[in-house]
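Undergrad: Below is the structure I would like to discuss, written out as structure tokens.
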Amino acid sequence: MLKSVFVLFLVNYLNSVRCLEVPDAKLEAIYPKGLRVSIPDDGYTLFAFHGKLNEEMEGLEAGHWSRDITKAKNGRWIFRDRNAKLKIGDKIYFWTYILKDGLGYRQDNGEWTVTGYVNEDGEPLDANFEPRSTASTAAPPQAGAGQAPGPSYPCELSVSEVSVPGFVCKGQMLFEDNFNKPLADGRIWTPEIMFPGEPDYPFNVYMKETDNLHVGNGNLVIKPMPLVTAFGEDAIWKTLDLSDRCTGLLGTAQCKRDPSDAIIVPPIVTAKINTKKTFAFKYGRVEISAKMPRGDWLVPLIQLEPVNKNYGIRNYVSGLLRVACVKGNTEYIKTLVGGPIMSEAEPYRTANLKEFISNEPWTNEFHNYTLEWSPDAITMAVDGIVYGRVTAPAGGFYKEANEQNVEAAARWIQGSNIAPFDDMFYISLGMDVGGVHEFPDEAINKPWKNTATKAMVNFWNARSQWNPTWLESEKALLVDYVRVYAL
């Protein structure tokens, strides 16, 4: 009986919805922040608004905005969110509902795109956030008369692009994390859980362990630790399967390693986090305050990586931007390196990297490391001092790379002069240990050869040499903040 009553009510409700046309809602983006939705009053007793930002509604779901308004004001029913931060190009999907004379009426499938801003009084604003002048007698330009209709922007637009809809103003801060709160997986950063492989084949596995990845004293902390510390003395000779939580490609060596006579499981646990799922950008200025780690064969990763790898997935053919790198050995700790990488092997691997040699080790204290990336050039600076600039040559990087036998370089011809650095990149922070490309064979006290089958075994067998250099107070990469600005 109850079910029958409900069905009858539902039929009556749906029929009633068809009997009266709900007035179109007026949506307004308010500067500097706010959303206002309203309809004119016509004797209604309730107005409800349900909507989502940049995501379609699934039927009659509640949505991000879900509000019932029970009283009209000055002849209109008004929903207001005073904290909404809307950008040009943002799209709101919504449905509305009204009650009149005890019956409900609904308007579905609403869509609205932000094309400009208004002030609190509803007056449209110009590019300077001032009300558009109504005193001028000159008619506005018409479409087809030299100016196409389109949105008005409250600022001078930047060449920078971001991975979320909307416009970007010149000099606008696009991203900031001061690491004042614990890492929340996926909220901003995603920890990588995998075995890194080609092209550098470092001697570590990325994991999310409290001892090697955490936030403390306002800093991101990433440090290395032997695998045997976490998993026992024979861990390097046992299969390590990360498949149930691996962020790499399942079914490959990125998620599972089996040891053999010549190959051990990577003997060091480090960490790496990225913003691939939450934030990526094209062109901008990256500023990162960090204290570099000290210890033999430690390689801090402070870099930008391509989201889609449109020019190829192997050997850095889609590019890698090193914001800063100071290797931890005593012979390297006074040498800062930054810039673009477009090949895994020499001589082109380091052809465009720039160096800044200091009188004091870069590992002693925090420094502000900056990389500015534009459609024409990539510029590196530290503490406000520019130490390197790579300008895209006429015709792009193809010619010089082709001369160095970089086979995939021909793909860059499809892009702009700065290709492969003309696509979206995300932020990556982490640490590698050793590997087959970062350290030349002539490095002091290096216990392995880059081309040796037992390179990782030889590294591990020499732990009595390098492990004492990993002091607890020095071996961590510390990051105070990460900021990205539009050009």
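The first residue you see is number 1, and the count goes up from there.
Using N, Cα and C of the backbone, Cβ positions are placed for all residues, glycine too.
Grabbed the feature section from Swiss-Prot, which reads as follows:
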type: SIGNAL; residues: 1-19; note: signal peptide
type: DOMAIN; residues: 20-119; note: domain 'CBM39'
type: REGION; residues: 123-151; note: region 'Disordered'
type: COMPBIAS; residues: 133-150; note: compositional bias 'Low complexity'
type: DOMAIN; residues: 157-487; note: domain 'GH16'
type: CARBOHYD; residues: Asn368; note: N-linked glycosylation site
Undergrad: According to DSSP, how is the domain 'CBM39' (20-119) divided among helix, strand and coil residues?
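TA: Taking each residue of the domain 'CBM39' (20-119) in turn, the totals are 0 helix, 53 strand, 47 coil.
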Undergrad: Validating a neighbour-count step here. Other CB atoms within 10 A of the CB of the residue listed as 'N-linked glycosylation site': how many?
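TA: The residue listed as 'N-linked glycosylation site' is surrounded by 17 other Cβ atoms within 10 Å.
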Undergrad: Within the domain 'CBM39' (20-119) only, compute the mean pLDDT.
TA: 90
